[in-house]
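Visitor: Handing you this structure, nothing more for now.
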Amino acid sequence: MPAYKRILLKLSGEALMGDDAYGINRATIVRMVREVAEVTQLGCEVAVVIGGGNIFRGVAGGAGGMDRATADYMGMMATVMNALALGDTMRQEGMTARVMSAIAIDQVVEPYVRPKALQYLEEGKVVIFAGGTGNPFFTTDTAAALRGAEIGAQVVLKATKVDGVYTADPKKDPTATRYASVSFDEAIARNLQVLDATAFALCRDQKLPIKVFSIFKEGALKRVVLGEDEGTLVHV
Ligand SMILES: Nc1ncnc2c1ncn2[C@@H]1O[C@H](COP(=O)(O)OP(=O)(O)O)[C@@H](O)[C@H]1O
Ligand SMILES: O=c1ccn([C@@H]2O[C@H](COP(=O)(O)OP(=O)(O)O)[C@@H](O)[C@H]2O)c(=O)[nH]1
């Protein structure tokens with residue numbers, strides 16, 4: 001039995017690269033889709049927010065002298081490309097997925113309409129939210145918190161490069177240790193940067209827990225959905 005009826009899964013764009021330097025690695029995206037298929041087979045309703053860091057990051061463009069908001073719109077377009085690739089891979093794997101975008105590109109992808117998204121989820125379709133929040137100066141982590149709250153997900157699952165939340169950035173501090181669970185207040189007070197502060201604050205206000213776990217660890221998503229000990233739970 002899954003521990004959650006409905007989940008919002010945040011997949012990092014960078015995770016789609018696999019061992020490549022940029023873009024979408026075929027074997028990696030197929031593996032991820034199969035992991036999502038496993039949890040849908042458990043009877044869990046799945047919505048996905050996909051990042052775009054494997055193609056473009058607004059902050060990087062901004063730092064390069066580009067207008068930050070313009071760079072962010074490019075980043076949002078990158079998430080649309082990833083969402084289309086993800087949805088198509090799901091189709092190839094025999095799943096039914098629907099991509100909905102926060103930015104209007106009507107010929108390419110249907111717009112995000114909340115009741116429609118809820119309907120798809122009830123029908124057992126996977127819904128992929130593209131375009132982040134639709135606003136510059138935000139991230140797809142915040143989009144995950146926002147859509148998670150909107151669809152009434154019981155948890156936001158952040159599948160990322162680290163296997164949980166650490167006392168400090170484990171890439172910079174080798175002595176950092178992993179929390180089994182941590183409260184929002186502590187995560188915000190200690191400025192733990194595994195999620196951005198806006199996403200943390202939104203989830204805290206909505207009492208929406210977040211589970212952080214490794215995207216590279218096979219079977220981790222299923223274990224999380226089954227309520228097993230995996231990753232770090234950020235709770236109220
Ligand atoms: N306290 C912390 N615990 C875990 N990871 C942290 C922490 N502080 C910073 N990080 C960093 O956060 C990164 C994951 O966040 P992010 O770059 O937003 O990933 P994503 O591309 O999945 O959105 C990790 O690579 C890790 O190095
Ligand atoms: O609501 C949003 C979501 C994303 N972005 C842009 O899209 C890029 C890709 O998203 P993100 O960095 O969150 O992707 P990930 O880290 O998951 O690959 C960001 O850098 C931003 O430039 C944005 O402007 N608003």
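Glycine residues also receive a Cβ, built from the backbone N, Cα and C atoms like all the rest.
For reference, TrEMBL lists these features for the protein:
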BINDING   K10, L11, S12, G13, G53, R57, T160, Y166, D169  ATP binding site
BINDING   G52, D72, T133, G134, N135, P136, F137, F138, T139, T140  UMP binding site
DOMAIN    5-214  domain 'Aspartate/glutamate/uridylate kinase'
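Neighbours and distances for these, please.
Guide: Within 10 Å of the C-beta atom of S12 (ATP binding site) sit 20 other C-beta atoms, taking all shown protein chains into account.
For the recorded site, T133 (UMP binding site), the DSSP three-state label reads coil.
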Visitor: Taking Cα atoms as reference points, rank the binding-site residues T133, N135, F137, T139 by distance from G53 (ATP binding site) and give the first.
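Guide: Checked the binding-site residues T133, N135, F137, T139; minimum Cα distance to G53 (ATP binding site) goes to T139.
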Visitor: Could you state the whole-number distance in Å separating the C-alpha atoms of G52 (UMP binding site) and D169 (ATP binding site)?
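Guide: One finds 22 Å between the Cα atoms of these residues.
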Visitor: Other residues with Cβ within 8 Å of the Cβ centroid of G52, D72, T133, G134, N135, P136, F137, F138, T139, T140 at the UMP site?
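Guide: Everything else in range on the chain: G58, G75, M76, G132, T142, A143.
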Visitor: Near ligand 2, which of the binding-site residues K10, T133, T160, D169 have CB less than 6 Å from any of its atoms?
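Guide: Going through K10, T133, T160, D169 in sequence order, those close to ligand 2 turn out to be T133.
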Visitor: Hey, does DSSP put G52 (UMP binding site) in a helix, a strand, or just coil?
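Guide: The three-state answer is coil.
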Visitor: Can you tell which of the binding-site residues (G52, G53) has the fewest other C-beta atoms within 10 angstroms of its C-beta?
Guide: G53
